[in-house]
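Visitor: Structure provided below as structure tokens; questions to follow.
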Amino acid sequence: MRVAMIGTGYVGLVSGTCFSDFGHDVTCVDKDISKIERLRAGVMPIFEPGLDDLVARNVADGRLRFTTDLAAAVADAEVVFIAVGTPSRRGDGHADLSYVHAAAREIARAAEGFTVVVTKSTVPVGTGAGLEQIMREEVPTADISVVSNPEFLREGAAIEDFKRPDRIVVGTADPRAREVMAALYRPLSLNAAPVLFTDRANAELIKYASNAFLAVKITFINEMADLCEKVGGDVQEVARGIGLDRRIGPKFLHAGPGYGGSCFPKDTLALIRTAQEAGTPLRLVETVTTLNETRKAAMGRRVLEAMTVSPRGATVAVLGLTFKPNTDDMRDSPAINIIQSLVDRGVKIRAYDPVGMEEARKVLPEGVHYATGAYECAEGADCLVIVTEWDAFRALDLDRLKTQLRSPIVVDLRNIYPPEDLVRRGFAYVGIGRGDLSIG
Ligand code: UDX
């Protein structure tokens with residue numbers, strides 16, 4: 001099938017590339033000419049394991065190309081995906097749909113023959129219906145059907161998630177569009193991924209409800225971690241114990257410094273706004289977003305409490321800056337709040353991340369020392385904080401680390417070390433939700 005993918009951000013680039021890898025003919029479109037030129041030269045705008053090879057292979061095979069010419073790509077396509085950004089609108093937290101609307105108008109003008117227009121961007125319930133109206137106003141004769149097909153891929157595991165999804169959600173009441181979408185996803189159903197056909201509003205809601213539910217799950221275990229610390233429990237054991245119940249499941253039960261990233265914070269906020277306007281506020285989700293913000297702020301205090309020297313003039317080493325491993329994405333990363341709150345108290349920061357340093361420099365406060373590796377980062381520090389659980393930090397030479405630090409104190413916000421290992425080597429250790437071993 002001939003596919004046009006409008007927007008080469010995370011979702012657009014990964015899904016466009018994966019569709020081409022499944023044999024479809026894909027043209028990725030972006031307004032940003034320098035981005036398109038870089039993509040043509042094989043330079044990825046994002047860090048995503050395996051993506052550069054997959055792009056190269058499909059470009060070489062002639063199934064994948066990059067252009068700024070939206071009209072030509074759309075005219076030629078049977079299916080057009082809208083995968084442009086839907087950032088939080090300043091002031092009210094609603095999803096900003098201006099890019100989506102602009103793309104829809106351009107698509108309406110360029111479409112030839114029956115064209116299925118699919119929203120892959122995360123858009124509030126009702127957006128699909130609105131787009132159909134906008135496009136009809138733009139070109140009354142256009143033969144267009146708008147489908148909602150949300151994307152659930154995670155950064156860092158995006159290709160795997162796209163190719164082996166738990167489910168594919170397709171929202172449409174139009175039998176012609178349904179047939180086109182079924183043909184498009186046929187190669188993926190070989191991987192036994194169920195395709196859930198539903199109506200458009202439900203598909204739009206499913207995306208937000210999924211993200212909100214996962215945010216609730218993480219926040220629940222984070223609160224349990226706080227309780228464990230007070231009453232002498234171990235949150236990892238508790239998570240394992242409850243996760244074995246299939247009704248609960250083991251995933252998204254890792255306590256940590258609070259969730260971040262490009263989706264959960266923005267999407268929970270947008271869902272809250274939708275619900276408020278509908279007169280049915282989602283109080284649970286509202287509370288979760290507040291708790292998560294409070295938690296991120298509290299992590300800086302946790303570091304200060306673990307230290308044995310006063311903050312002014314002290315040095316803290318921060319390992320891991322991105323909101324999670326295997327990405328260079330700093331959006332809403334807990335590291336930003338933690339570092340800012342330490343800097344506000346006069347602490348000097350040494351920071352290291354295996355991939356996110358360039359992005360980190362754009363958002364972290366002035367004066368941060370960017371280290372060349374984990375050991376150099378620890379040099380002369382009064383405390384070492386692990387904020388992101390990169391594999392590279394999981395098996396550090398602890399004795400070497402100890403000689404680098406001025407005070408052997410580790411605050412492990414992802415619980416990647418067994419406390420006993422550190423305590424035995426003479427470290428003071430603070431984890432998350434490990435009551436009996438907090439501060440050795
Ligand atoms: C998320 C959704 O998982 C994905 O389906 C959607 O399409 C986009 O948003 P992503 O933001 O890439 O994906 O990352 P994810 O792996 O879900 O992690 C989000 C945040 O939650 C990270 O900050 C992570 O550290 C945190 N998290 C996740 C926890 O603190 N504990 C967990 O158990 C899981």
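Each Cβ is built from the backbone N, Cα and C atoms, and glycine gets one as well.
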Visitor: Besides Asp30, Lys35, Thr86, Thr122, Glu155, Arg331, which of Lys230, Lys266, Lys402 does TrEMBL list for that NAD(+) site?
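Guide: TrEMBL names Lys266 for this NAD(+) site.
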Visitor: Which residue counts does DSSP give the domain 'UDP-glucose/GDP-mannose dehydrogenase C-terminal' (317-419) for helix, strand and coil?
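Guide: Helix, strand, coil within the domain 'UDP-glucose/GDP-mannose dehydrogenase C-terminal' (317-419): 34 helix, 18 strand, 51 coil.
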Visitor: Rounded to whole angstrom, what's the largest C-alpha distance between any two of Phe152, Leu153, Arg154, Glu155, Lys207, Phe252, Leu253, His254, Ala255, Gly256, Gly260, Lys324, listed as binding substrate?
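Guide: Max span of the substrate binding residues, Cα based, is 24 Å.
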Visitor: What Cα-Cα separation, expressed in whole Å, is found between Arg154 (substrate binding site) and Lys266 (NAD(+) binding site)?
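Guide: One finds 15 Å between the Cα atoms of these residues.
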Visitor: Looking at the binding-site residues Lys207, Gly260, Arg331, which have a C-beta within less than 6 Å of some atom in ligand 1?
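Guide: Among Lys207, Gly260, Arg331, near ligand 1: Gly260.
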Visitor: Measuring Cα to Cα, how far is Arg331 (NAD(+) binding site) from Gly260 (substrate binding site) in Å?
Guide: 7
Visitor: If you count the other Cβ atoms within 10 Å of each Cβ, which of the binding-site residues Lys35, Arg154, Lys207, Lys266 comes out on top?
Guide: Lys207
